[in-house]
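These come from TrEMBL:
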COILED    633-667  coiled coil
DOMAIN    24-214  domain 'YVC1 N-terminal linker helical'
DOMAIN    256-539  domain 'Calcium channel YVC1-like C-terminal transmembrane'
TRANSMEM  227-244  transmembrane segment
TRANSMEM  365-386  transmembrane segment
TRANSMEM  426-447  transmembrane segment
TRANSMEM  508-532  transmembrane segment
């Protein structure tokens, strides 16, 4: 297993030129041809996705690699074109998904092929994880590639981004994929500063220098940004509680310090949302963005009314009226602020799964609300017609209210007792039956179906959610990360960029970030220096950087001893010596305990018997016949080789006999 390079220079992509969009298209076409032939008919999906599948066997995987082309005598050439293998497979999977929608008569076949393409991705990821982790992370998963689609090059995307956008949970759940996300989440892999399509390892993660980790650059790490957002979200809730519950008189009081800080938080979040919409566009809008924007709008309206109550804007109404209205509107934001915590706590698995369930339920309920809207409009028009039949429209308002209240079970017949009998009563009873008996039960069934879908794939759905969350921090990295409300400081510093030199502006910005983030950076630096010790130990032992994170019971030589000393000094030998001493002591004690009784240890034949009892799973996968039939296949193969050998011997004997006969005939008598 190859260990990852130590410095960013080792990760330079200059020697690894990406294939062109036209070449990527050809790879995808080759893979589509392969999958079309491998899966000619629709079959059970489990036959494709099961471990060591007979359909997606070792030969098919090798053919998938061969579909990338390249010079087979040049390893670099092969790796160059195979780097787009996962990207091309996901594109092919997307093609099949589109075909399953367009050609409904073959939907099952195309869905199966789409799943097969994703499963091939998963198999290749898990294989490469144990062969070349560096190549898997930086070239196959994180490097952005483009494909030529109808003579237009697509937007460069990485496999991580493409799989997340496609919600390809099969690929996302692969161990190598999750490991890559974990390294991104911790900031061990960062985007190359001079090349937006490539990623590199951060050289500081293995540094024992406290100063190297006490840097605002580490705030770009998704993990630390998420922690800061949770902290500021809780603080925002605390400030809101003080502002709303602090009013104890009818008099209009000026802004106090708590209100000023609270509205500064809101302003910072508003600026952040506006900038993201400006740079990303309307594609940025999603449920939580609209949710947050609604919250900030309510608070902004409250702030404007509060400013009017202080006389900053002239008005004919009293200041007390404006002040009361401001606090009432602000109170309506309470459900939004408390629910907002869920967005930042989604990294907790329980909360994350709950949010996924809610998302699926909201999606499924669209069908219900469309049907409900059509039914309500139909009956509303009928009731309005009955109301207008006498030449005047009198009770349209109560009718509309009753129709809406019926949905939540609070409707009543009183409105229709003396209204256009018996037609209104007939329409009303029909409406109640359709809504309460049919539509609401459809809604319950839809919610049940959505919950069942998520629960069946709970782990995969949570991993997909975390992938989306990680990419929110990765996709549009800022040069200087000012987490709201600190982005107000960034806006205030912006004019200086046009007045002073770039070098001086960077120094000022760096100093300010060090000051405002100093408490966070202190904790980050202490934590990362301790992690760097373990990384140094792993590299000395030729292990990956994320090895020895836990001390497992069944492995006497794993784990890392960190006594917490020398945090501010570039000295790591203490932890290394302590770990080696701990491992040596543990192995020695275990051997002494086992040798205490000479009859305790199992004989060497026991291990041989275990190996002989193992089913030929890997051999069955490589041959494509499965481990259940491999023994029969092996016997038939052995007999075939023996018969071939006998045929060859017999043929040779016959040839020799013919030669002797010819030789004897050619001699003169």
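Yeah, the Cβs are placed from backbone N, Cα and C, and that goes for glycine too.
Fair warning: this is a prediction, and the values are worked out from it, not measured in the lab.
Using a Cβ-Cβ cut-off under 8 Å and counting only residues 6 or more beyond its ends in the same chain, the transmembrane segment (508-532) has close neighbours at 204-208, 210, 213-216, 218-219, 224, 227-228, 480, 482, 486, 489, 493, 496, 500, 562, 564, 567, 572. The average per-residue pLDDT of the prediction over the domain 'YVC1 N-terminal linker helical' (24-214) is 91, rounded to a whole number.
Packing against the transmembrane segment (227-244) from elsewhere in the chain are residues 219, 258-259, 261-262, 265, 327, 330-331, 333-334, 337-338, 340-341, 343-345, 483-485, 520: each is 6 or more residues past its ends and has a CB under 8 Å from a CB in it.
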